[in-house]
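Undergrad: What follows is a structure written as structure tokens; I'll ask about it next.
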Amino acid sequence: EIIQRPKNTLHFIRLHAPWPLLCRYAEELNLRAPIQAHPNPSGNWSEWMLSKLRLPNVMFEEVPNKPLDYYTCPFKTSKVDKFLGSEDPNSFFSRAQRSRMVWEILATAPFGKEKKGEVGVERLVDEGAFSAAFPLHDGRFEHPGDETPENLLNTRQILSHYWAAWGKWYKYQPLDHIREYFGEKIAIYFAWLGFYTGWLLPAAVVGVLVFLYGVLTMNHNTIALETCNNGDQFTMCPLCEECDYWKLSDICLYKKIAYLFDHPGTVFYAIFMSFWAVTFLEYWKRKSASLAHHWDCMGFQEEEERPRPDFAAKAPYLEKNPITGISLVLIFILAVIIYRTLVSIPLFQNETLRPMAQVIASMSGAMVNLILIMSLGRVYEKLALRLTTWEMHRTQSEFDDNLTFKVFIFQFINFYSSIFYIAFFKGRFVGYPGHYKHIFGNLRNEDCSNGGCLIELAQQLAVIMVGKQMINNAQEVLIPKMKAWWHHRKSSLQEIGESQMERDYKLVENEGLFQEYLEMVLQFGFITIFVAAFPLAPFFALLNNWVEIRLDAQKFVCETRRAVAERAENIGIWFKILDMLAQFAVITNAFLIAFTSEFIPKLVYKYEHNWNMRGYVNFTLATSPAEGWMDVNRTECRYRAFRDTRGTFTPMHWKILALKLAFVIIFEHIVFGVCRLIDLVVPDIPESLDIKIKRERFLAKEALQEAEHVLQKVLTDHHDDSDRRDSSDPDSPLLRRRN
């Protein structure tokens, strides 16, 4: 449907492609057509497992009008009678396929000088010649009522009732219906999202168990008990220039909470999640291959891509420097550091608030950081778009891949930089009493609390991850409604009728899958890169994704115009990004356990001093040096470090540092080795699928060989007739030689 609106008058142009044109473009686009029904349609592994165990499957639901599965082969106009359903041209191609072919015609039709990029309907829409161009929905999405038989529902109503409804959150997604209605590209996204959500379930269960282990053993933690019972014996050095001395027992509760995120179970969970991430990606490759074959996209290559219209048009003359954008992140991180430091000063000076001072400063700082992150998100996306446009990529796929990678890099820095700071830099460059390091004059560098930086990291992760999910879900509910309201207001849409094309025009434009993928990939980073610090991350991700699937389903089915059906074999460059995150997570978790948690110091103390960990608190505390601190009539105090009374590092510091580095190397080699073994053991294509592919090739050859045989016989007969005519021609070379 193309909408033209000159001088406030709305004109709808409805396009239809005749059968010969559809056949021509089906062949050009290398579409596949059915040759024989498949006797064993693809199933779900959990459905198969539950049936073998004879257990009821509450996730299964019979969805009406399920598309049939076929053996297929590339469509050929000359052999159209060999394909199933070719006797009915009106239903042979699905509506999604027809809209894809019509869109191909519109997208490649020149309307001016091709050298200037004056090609395609999208350019005309951008320039205002048309208001919009989109395929029509199949009808209303509302269920007509119980009196209507289920098999008479249109596909949109089926998707709305059996997929987008909130009550279906625990049901299998009707992926074949989604593919038939929206095309493979959108269907593969929902297949991946559902697969990822299913795999989050075991990760979430193990994460909750690890967290519960910390809760149940918290009151038996010797280190926390020593801090609470004997903490009055330790006078701690002031945490800022204006702060007072304080007792270690002041952070009794804080020390107990810190144990929830720093106990032996978190080390096990980090290893478990490293294996989980790699195994998940390996099995997704298998699932993706099965879906690609099932949906006739295996081996699909983009048809010979035309140059992007903008490639031949013009390039921007002035672009924003990307270093400027990245520097904003660093400025905001520094601002949050200063904020936390300034807030903690009055809190530590107040005896009532002192025990919770660092918690309040850290949590409020995380909230400020979240606001800054969400504000910068759209800025970075626009910056990445301008930079990618400036690079002038020739084809759309090159443009999309480069834009995707740039946005991911910007958002990676945006969301994870403050977390990396807390995990690996905070408290590393503080100095010691009498020789503290400062920023901006008398403002002392931030130090980790005596509970360690891991608890602050967990707070930051919880606020940013959960807060981001809540904001994104609220945006997905509110923004389409606000856009629709504004669209109605500025266009006076209440004045137009209620035909399908008019109803669809009132809907919001479909913006594609980019934001959906980006949101999930960033979430994948949260649950893998820093999972050692926040075992509950997969659990919150699971809850979010149950909501996310329904929100996305409602958006595509009910709230936006129908997207043009596009083919896709897999999730594209997003898989490479996920794989990169999974590999990076192994390294990050190794350093997190070794350098941010107290796993190695505790291990050393347990094996060299006391197996029951009594005296560990005193073991980790150094005494303020006489020189530089006591010289100015200050009280002797303790601080967290492995230094002697002169402020120099002790041999124990270097021993623990060496063990930390050794742990990182051993951890990485073991995990990467096992992951490589998983990669070798799990084939990318299931054996059953390989058999299906061979069977399909055989059937295609068998079904079409008769036509090829007839064609070969015609050509042979034609060649023989030509030879006979040539031999009877007096001017023929054969006759001349005989003469």
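Glycine residues also receive a Cβ, built from the backbone N, Cα and C atoms like all the rest.
TrEMBL feature annotations, pasted as is:
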DOMAIN    6-175  domain 'Anoctamin dimerisation'
DOMAIN    178-696  domain 'Anoctamin transmembrane'
TRANSMEM  186-216  transmembrane segment
TRANSMEM  266-284  transmembrane segment
TRANSMEM  323-343  transmembrane segment
TRANSMEM  355-376  transmembrane segment
TRANSMEM  403-424  transmembrane segment
TRANSMEM  520-543  transmembrane segment
TRANSMEM  571-595  transmembrane segment
COMPBIAS  717-728  compositional bias 'Basic and acidic residues'
REGION    717-739  region 'Disordered'
Undergrad: What mean pLDDT does the predicted model reach across the domain 'Anoctamin dimerisation' (6-175)?
TA: 85
Undergrad: The transmembrane segment (186-216) vs the transmembrane segment (520-543): three or more C-beta pairs under 8 Å (separation of 6 or more)?
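TA: Yes, these stretches are in contact.
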Undergrad: State the non-local partners of the transmembrane segment (403-424) in its own chain: residues 6+ outside its ends, Cβ under 8 Å from one of its Cβ atoms.
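TA: Hits for the transmembrane segment (403-424): 325-326, 329-330, 333, 336-337, 369, 373, 376-377, 380-381, 383-385, 387-388, 453, 456-457, 460-461, 464, 468, 514, 517-518, 521-522, 525, 529-530, 533, 572-574, 577, 588, 591-592, 595-596.
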Undergrad: So what's near the transmembrane segment (266-284) in sequence-distant terms, Cβ-Cβ under 8 Å and 6+ beyond its ends?
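TA: Hits for the transmembrane segment (266-284): 192, 195-196, 199, 202-203, 206-207, 210, 214, 524, 527-528, 531-533, 535, 538, 575, 578-579, 581-582, 585-586, 589, 592-593, 597, 599, 667, 671, 674-675, 678-679, 682, 684.
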